[in-house]
């Protein structure tokens, strides 16, 4: 698909990035566009270009100014912050604003995070966690967060172009994917039935979204393990072979959702769990041979539901705790 400079500027606020992407257009697929985008962002855009892109983002919790250079970017920013705003209170917004001001004063640019699907409390916790970083470390983290946002928006751009082409030709083309924000939002707003009427699903679930293709990742192997080693918890520095016991194995369906990884029980056993995704088999040419996420369920959480989705591309992945 072919795109112009203005469209790429909505994906990333760097003028250099937008020009280079426009020169490289058209792209045969979203995957090709993402590959080119990463090369341009990390190898051709300089420090000033990175700062220009950072400056194009409104502060988390606030709307973009009316004179924003890209109306599309402003609209996307609003959508990407929708979960944060929906979960905010007056006090949390004020605390977020105060911390944002401290962050900008220290680092000289806006706190940047891929906010899609993240609550205000999650964003605030990450801001506080990153605040002690040295400026050079934080600058690199912000650049990587910008790339995550760019990948998300490139997927939206491809979807929009496909829909426009379909309407023009009057021959409907299947939409390549649900909007990533809508998918995340659906999980965040899903009603948990575990506390009120008994479980209707296993207490630990997952599903995988292929960000590079803008669609659910079907056919990816997933397994769930529980820690039962001699030590109370696995150690980062020591060999943990033999400490994990398989709870369940499944393969994602056409919607990217795994089958049951454990039984449907009212109370899940407290402990440390590991959910692993066979990303190497799913995408042999990607960077990750597999991805494992380790998390702890405490005694006070045994009646809760834990949804651990994976937002995956051959070059990066993101996860969050869903409802």
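Glycine too: its Cβ is placed from the backbone N, Cα and C atoms.
Because TrEMBL annotations are produced automatically, they should be read as predictions rather than curated entries.
What you see is a predicted model, and the numbers here were worked out from it, not measured in a lab.
Annotated range for region 'Disordered' in TrEMBL, selecting from 19-39, 40-60, 61-81: 61-81. Neighbour density at the Cβ, taken as the number of other Cβ atoms within 10 Å, is lowest among the binding-site residues 207, 257 for 257. Residue counts of the domain 'Oxo-4-hydroxy-4-carboxy-5-ureidoimidazoline decarboxylase' (7-155) by helix, strand and coil are 103 helix, 0 strand, 46 coil (DSSP-based).
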